[in-house]
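Reading through the structure tokens given below for one structure.
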Amino acid sequence: MGLVYSCMWLFAPNKKTRLVMLGLDAVGKTTLLYQLQRTLHPTDDSSNMEPITTISTIGFNVERFQLQGLDCTLWDVGGNYRLSSIVRHYYEGADAILFVVDTTDRARMGSARDHLHNILASDDLRDAVLLVYGNKQDLPQAMSIADVTEALQLHAVRQRWFVQACCATTGDGLYDGLRWLATALRKTSC
């Protein structure tokens with residue numbers, strides 16, 4: 001009977017969900033955020049096809065969208081982690097972490113791994129799910145998803161996780177990752 005009550009939200013519209021997007025600087029987090037907005041809110045406007053231009057995020061961006069019955073608030077936190085004690089406040093209480101890596105930047109994959117594992121060690125995130133976007137898959141030097149999984153040592157992560165290949169500039173793979181995320185969030189809540 002308790003399972004029935006704990007899963008009733010599955011059928012209730014607009015369950016509030018807090019998502020936090022993190023990653024090192026210049027991996028494509030803000031481009032990914034804006035491309036998700038385009039994907040989730042298409043328009044007939046021809047400017048929707050123009051390339052997305054961004055500047056390095058100082059602080060955060062926040063967007064809201066609906067995803068398969070979830071009322072999502074997505075926080076895009078700038079990748080400059082010199083103020084890492086402040087960054088913790090963005091992910092406290094998050095239902096999911098979207099972690100973005102530049103699959104062409106092998107030199108910083110160790111830093112990305114360390115940053116990700118430090119974040120996931122927080123007790124606040126023990127029930128959160130993890131979606132890793134392996135960005136820049138359109139480039140020939142991109143790492144495979146298997147290599148990204150190994151480089152980030154994801155098999156040591158206690159949270160439910162998934163790696164989605166993507167290209168933030170074109171939107172390829174973005175919605176596939178969100179679809180997995182919606183399913184994982186439902187399973188976590190039951």
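Cβ atoms are placed via backbone N, Cα and C, with glycine included.
Remember, predicted model here, so these are calculated numbers, not experimental data.
Positions annotated as GTP binding site by TrEMBL: GLY23, LEU24, ASP25, ALA26, VAL27, GLY28, LYS29, THR30, GLY79, ASN135, LYS136, GLN137, ASP138. The Mg(2+) binding site annotation in TrEMBL covers THR30, THR57.
Sequence features annotated in TrEMBL and their locations in the structure.
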{"residue": "GLY23", "record": "GTP binding site", "DSSP (3 states)": "coil"}
{"residue": "LYS29", "record": "GTP binding site", "DSSP (3 states)": "helix"}
{"residue": "LYS136", "record": "GTP binding site", "DSSP (3 states)": "coil"}
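Cβ-based neighbour count (10 Å, all protein chains) for VAL27 (GTP binding site) stands at 25. Fewest Cβ neighbours within 10 Å among the binding-site residues LYS29, LYS136: this applies to LYS136. THR30 (Mg(2+) binding site) counts 22 other C-beta atoms within 10 Å of its own C-beta, drawing on all protein chains shown. A distance of 17 Å separates the Cα atom of THR30 (Mg(2+) binding site) from that of ASP138 (GTP binding site). The number of other Cβ atoms within 10 Å of the Cβ belonging to ASP138 (GTP binding site), over all protein chains shown, comes to 15.
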